[in-house]
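Novice: Right, I'll just put the structure down here and ask away after.
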Amino acid sequence: MAAIANPKSPDQRPDKPTNHARNAGLLSIIPGLGQLYNKQYAKAVAFFIVVVSYFAVNYDLFFKGAGAGPGDRGGLWGLITLGEVPGPRNDHSIFLMVEGIVALILLFFGIAFYVWNIRDAYRVGRARDQHLNLPSFQMQLRNLRDHGFPYLMLIPSLILLVFTVILPLIFTFLIAFTNYRYNNAPPAKLVEWVGFENFTRIFEIDIFRDTFVGVLGWTLVWTVASTTGVIAIGIFLAVLLNQEGLRFRRLFRSILILSWAVPAFITILIFRSMFNESFGVFNTTILPALGLDPVNWMTDPTATRTALVLIQWWLGFPFIMTLMTGVLQSIPGDLYEAATIDGATIFDKFRLITLPMLLFATAPILITQFTFNFNNFNIIYLFNGGGPAVPGQTAGGTDILISWIYKLSLGANPQYGLAAAITLILSFFIMTLAVIQFRRTKSFKDEDMI
Amino acid sequence: MKKQKRINLAISYVILTLASIIILYPMLWVVGTSFNPGRTITSTIIPANPTFIHYKNLFDLTISDYSLWYVNTLKIAFITMALSVVLVTITGYVFSRYRFVGRKNSLVLFLVLQMVPQFVAIIAIYVLLNMLNLLDTHTALILLYAGGAIPMNTYLAKGYFDTIPKELDEAARMDGAGHLRIFWQIILPLAKPIVATIALFNFMGPFNDFILASLVLRSPEKQTLAVGLYNMISKQFDNNFTLFAAGAVLSALPIVILFFMFQRYFVSGLTAGGTKG
């Protein structure tokens, strides 16, 4: 509460230095007492009620258990021990863990409010030490409205975000350090903390290591191949469409953009039928017409991979094309004129002017394209379910990390702990990219952080 | 020089025509298949004896739940879109215009969250919904979509709001406008492109999503188009390709129309919110 007020006139100033700041701060260890000391009665009551009722309401959740099992001693206890007595009427490790995370999140906000209470008392006390006029009650209310406005507006989004994104993510990360899997699942059994066992298993057990290496390799190849192809085709077509004197420009653009307009899942399913090995249009019509033999699109990993990359090119380029068209129109024409005078060919101009301008202006979005394909679950799963199956692996021949995680979590004999560990590894990859990307975007640069 | 230019243009026409054929072929194929009698795939684009029977069958509840999926999908997509637009424009505005304790930390948090797709936490989401008794409900799905969209779309919105001069707010504040009124009457009307972008993204997101919908929705009559259409042609045997084709055409059409209507807006919204310059 930044209270701005005029200093009192000098003759009213007492001689003795006061210690209101320290006293008020210490007193607010019991919330509200510091404010009472500062003679802000309404505020004192408000603080007291908020903090006390907060901890009273959540006491059960924190320390006593919200009623999961008879031995339940609260969210924090549950989070640490994950339960002591297994069984349907006793401790359910996973529920206990969720309860514990909720307790932690609530505790975080509670402590934040508590700290704010102490700081507020301390600041007001300091203002009194310096003999500043304290803001009136009305002023405080107005201050609260102005300073509270952003928080008030953020509350709905924040609550939704906590429960649909943050809580599940924390939960997943915690599962990575447990032995939670299908044949070791509550209520019949207790889940235990196992430290880094899941991570070492990925690298020590042959079948997991081979699968992990294989899947990671293909994920990277897939990401790079599909994304660079999309970008190259997008730029190429944008440049073609932007030529002077080209007719039917709007018609061409509208047709080419169609593959963006049609929902991707529909197109992927259409391609799934077209690539069908026995009666799909590629094997029955197109390849024979070109004098080629039919290809085992769905059972040969290399063929499936090729098909996937081609489909992603088909799906992805209009976005880049549209983006680049916008940038192309903003490149000043005199650059090209000057280059022409210097005797540059079209290719020189493209390589030395157009391409650098395009890539520079859109770098952040291009990086998003890489992360998008890195996590492009839909195309992998809808096209061929990550298949064909590969002997000696728990993932199919075209599974990328994200679809492998899906299979490990929801397939036969789910390995939740292992899937969560891979999720952690994957998140690490993406976050590295994220930092690179956002150091470059404008909306982040203005913030002068990182 | 002129001759060179004409050759370039000629080559361009050839390439563009070829590209157009590659884009149009699968679409024409699916339209053709949808008019084809029988259940299996044929390779002809123009069927010999076209029929509307598949389109009729789609809306016959004894044959297919398609009409239910359609209603479900539209309902989920529209509510998600409305909810997201409200939440995201407000958070974007707050992050763009206000300086408050915790702002920078929240921005960093959003940045990290937008990179990790929500569905890596499928197990956690499943357990949570199970605990809350929300499995197999559209409410759960809508909340998941809207929540998952917050981090990334907030950045888009904030990026766009940052380009609107702050002097406008200040002038309005001088005239006595409150916080919400400035947002509502000054900022939002100027931010139509980004609102359209966010609306489109959050409509298309649920429309396109397969993974969360297949996780949350259990009963057949509650499913969405993505899951329903996938199940139509992913069985080992007995796939109904022609019915699927009709369903695909009907699902894609409104989206394509919507897309072309809003195209002008979201292209500028996207470039302004994301690029640097």
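A Cβ is built for glycine as well, from the same backbone N, Cα and C atoms used for every other residue.
All TrEMBL annotations are machine predictions without curation.
As annotated by TrEMBL, transmembrane segment applies to A:41-57, A:94-116, A:149-177, A:220-242, A:254-275, A:311-331, A:352-372, A:416-436. According to TrEMBL, the domain 'ABC transmembrane type-1' annotation covers A:216-437.
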Novice: Could you check if the transmembrane segment (A:416-436) is in contact with the transmembrane segment (A:94-116), meaning 3+ Cβ pairs under 8 Å among residue pairs at least 6 apart in sequence?
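Specialist: Stretch pair does not touch.
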Novice: When you scan the chain for residues with a C-beta under 8 Å from the transmembrane segment (A:149-177), skipping those not six or more beyond its ends, what do you find?
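Specialist: Cβ under 8 Å, 6 or more out: 97-98, 101-102, 105, 193-196, 198-199, 416-417, 420-421, 423-424.
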Novice: Taking 3+ C-beta pairs under 8 angstroms (sequence gap of 6 or more) as contact, is the transmembrane segment (A:311-331) in contact with the transmembrane segment (A:41-57)?
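Specialist: As far as Cβ distances go (cut-off 8 Å, pairs 6 or more apart), the transmembrane segment (A:311-331) and the transmembrane segment (A:41-57) do not touch.
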Novice: Report, as numbers and ranges, which residues of the same chain sit near the transmembrane segment (A:41-57): CB under 8 Å and 6 or more residues beyond its ends.
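Specialist: Distant Cβ neighbours of the transmembrane segment (A:41-57) are 28, 31-35, 110, 113-114, 117, 120, 137, 140.
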